[in-house]
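*Asks:* So TrEMBL has the following annotated:
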{"type": "TRANSMEM", "residues": "563-586", "note": "transmembrane segment"}
{"type": "DOMAIN", "residues": "564-761", "note": "domain 'G-protein coupled receptors family 3 profile'"}
{"type": "TRANSMEM", "residues": "602-622", "note": "transmembrane segment"}
{"type": "TRANSMEM", "residues": "634-655", "note": "transmembrane segment"}
{"type": "TRANSMEM", "residues": "676-699", "note": "transmembrane segment"}
{"type": "TRANSMEM", "residues": "719-744", "note": "transmembrane segment"}
Amino acid sequence: MKQIKVLNPALYNKKSAVLVLHHVPEGLIKAPGVLTIGTIMPLHEADAEHGCTKYIDTVLLQYMYAIVYAVEKINNDSEILPGITLGYTIYDSCQKDTIAIARALNFIKIRDDPQNVTDANDDAVGTALCDHCDVVGVIGEMFSHISVQISHILQLLQIPQVSPFSTSDVLSDKSEFPYFMRTVPADTNQVAAMVSLINRFGWSYVSMLYVEGSYGENAARLFQLLVSKNNGLCIGLYRKLSLRKAGGTESEYDLVVDELLQHMNAKVVVLFLYQSQLSLLMKSVQRANITNHFIWILSDDSAYEPFTGYEDVMDGAIIVGLWTPLVDPELESWWQNRTLEDSENNRWIRESWEQAHNCSFTLDTCRVDETLTHRPLKRGVYHVTNAVYSFAYALDAVVRDHCVSVSGLMLRRCVTGPRLLAYLKNVSFESYPGHVIRFDENGNISPRYIILHFIRDDNASHRIVDVGTWESSKLVINETLLSWMRATGESPESVCSRPCPVRHYRIQLKQSCCWKCQPCRDNEYLINNATDCVPCSALYWPSERDAFLCEEIYLEYIRYSDMVAIAFSVVAACGIAAVAMVAAVFAKERKAQLIKACSKELSAVMLSGILLSFVLVLLMLAPPSAVTCTLMELGLPLSFTTIYAPLLIRTNRIYRIFTAGKNSNVRPPFVSSKSQLIFTFIITAIQLLSSIVTAIVVPPVPTKQQRSLSVPYVEMYCWLAPVELHSSAIFNLLLVVACTYYAVKTRKLPHNFNESRFIGMLVSAHGIGNFIQQKSKPKQKSKTTNIMQRFPSYTHVGKHMELMAAKLQDGYQSSRWRPSFKVAAKYEDGYQTSR
């Protein structure tokens, strides 16, 4: 076996080695054996001078004597290492890395001949520093940062190391710690269990406090790594605490609590602390008078520790501890039967007794006849006994395969460190029904954690209850046992920012789970996971059911049952009725002189145009479609033309008759009724033909229009080709101008034949109606389409009503003013005055 070469053995022998370590107390218990297992575990606390105090942690005392029990049980088992006595050497590290290193140096072997250096397969060994220092393996340390220190030494000595409590993920690196193994899972699994627990209850904003050193710092690094991969989860306060035994002053911990309060929304606080730091932190929380606010999630180091003195602030805490079965009843019985007998192996029990009863066996102030009672064993002894049995089963396999025919010193030389390590990696045994201890390639066992909950029971006392497990990345938890579920029926909230209200987008802050909410504009919808708002496209509006969608704006047409439609329909019906009454009068009195004097043929054409105008009003109330748009494109200019064309022809006829009558009695040409109708139909046909051609070439289209994207108002109208609008408007405008011209020319005619006033009134009414229509467009606050805006180029209802009134007034005036028979004969072709 490869040994450490000592350059000057005269300076490094048994005596000098003892001198080097003279300041470290001789804190150990031991039992001889053919093969010896070493142990470096904490028991006492360290003082400022690097020595050990007299204070003994009673829980750690249980772990020490669990090793003694396991070794004694193995020696009494004929199936494990038969005929071979297993010994132990248990050192107290006093929870200090320097003392633990000094203990590890005791396992160095000194060569008597420093020149006799062979390779690693040489079975020759040197001389141990003491008779109990020649160990085949080492159990320990408890704290990860100390395990890292002593592992480097044991690696050089080629001594396998199995830790029952060091969980730092750093120790899984086999390139740096090839001789290290452990009977507990690595922190990476515990951190994963904590993250699973956090996700289970929807907590997205948590704080983390961790102790300095490999245990806390690597757990914090792993936690931060998992959080970075978990969208929506972030860390508020991320703080490292001192590893000094005092853990820092009260003011330092008060400052930590103040920092926690600056992240009040992070109600969940993950703690990777040792018991001493946890105690100081909770006392500081007590001083701040903070209760029932934070939910503490603790690591395994505090899983089975009492929270004496600060139960109120720990109420509701969750502990993710190493899974352990109930303590073996046989081990519990063995522990309770330990006596105060003055023996080497009872020295620490006697010290604990002196500490508890404030007495001294040296001064005979302790009564040895008192009944010895021990606190019940903590479940953590399970991991300690597993470490002992791992060595025992591996040693048994080594002896059976390689060392069957040797014993004594030769047996010790047969069990080399590399050989034992190889068998340790392949060891497998059932430590508890259904739970097999087996190491993976990194020297870790399969992860399994228990979820504990610190609650107040009905008697106002606190206790720890088992609420779930985490194994193989699967969390199983009984939520009905949780204190907050029993109180409110729901888990507490730990979020940086609450979800934004409907139609609000998030303004991301520095932390991924922190944001501000900003409302979208009325016409905007959410995009990019509610991180921005964009306007809906034209004719669309944000959905009331889903803020991430736009829906087409619903068109609310004017229905015939609406009040507006009813009003227009009533007016149109009245107009149609009036037209029908006038037409009936004309038909009945068609031979009367007055009717004949009014040019009944042209008046009939004008009445048809007025009737068409009123009918178009009813058509305008229907929703725009290809059919209705085509009818309106043809009907509107046609109604206009059929009114103004007869009026133009009639005024032109009167003008020509009176102009010709001034010079002679010869009747002007084309003044007969037939001629007048032909001219009227020609003018009307021109307009109709133009509209038909335009409708065929550029057909009208029902069109939707949203004039402003910020208002949910959509008009649906008939889109007409500009050429149709312009040509019709210009054509009818020429008719109006021509009528106006002849109205001016005939303004001095007798009242019986002077229609200039009525023509002027008609043109003025038409112009004023168009002006009002342009100025009274709705401000787009209504979803209903204005009836007058569907066809913005033709608004003739008011004009036609005025024209109807003009014609009625024309008839009335004609009845009052009778022309002479001579003029009448000229005016009315074929009229026989003699009759």
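Placed from the backbone N, Cα and C atoms, the Cβ positions cover glycine too.
Help me picture where these features are in the structure shown.
*Replies:* Remote same-chain residues near the transmembrane segment (634-655) are listed as 599, 602-603, 605-606, 608-610, 612-613, 615-616, 619, 671, 676, 679-680, 683-684, 687-688, 690-692, 695, 728, 731-732, 735-736, 738-739, 742-743, 745-746, 749, 753, 755, 759, 762, 791, 793-794, 796, 800, 803, 827 (criterion: CB distance under 8 Å, separation of at least six residues from the stretch ends).
Same-chain residues lying 6+ beyond the ends of the transmembrane segment (676-699) with a Cβ under 8 Å from its Cβ atoms: 599, 601-602, 605, 626, 630, 633-634, 637-638, 640-642, 645-646, 648-650, 653, 670, 721, 723-724, 727-728, 731-732, 735.
Long-range contacts of the transmembrane segment (719-744) within the same chain: residues 629, 633, 636-637, 640-641, 644-645, 647-648, 651-652, 654-655, 683, 686-687, 690-691, 694-695, 697-698, 700-703, 755-756, 759-760, 762-763, 766, 791, 793, each at least 6 residues beyond the stretch ends and with a Cβ under 8 Å from a Cβ of the stretch.
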*Asks:* Looking only at the domain 'G-protein coupled receptors family 3 profile' (564-761), what is the mean pLDDT?
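*Replies:* On average, pLDDT over the domain 'G-protein coupled receptors family 3 profile' (564-761) sits at 84.
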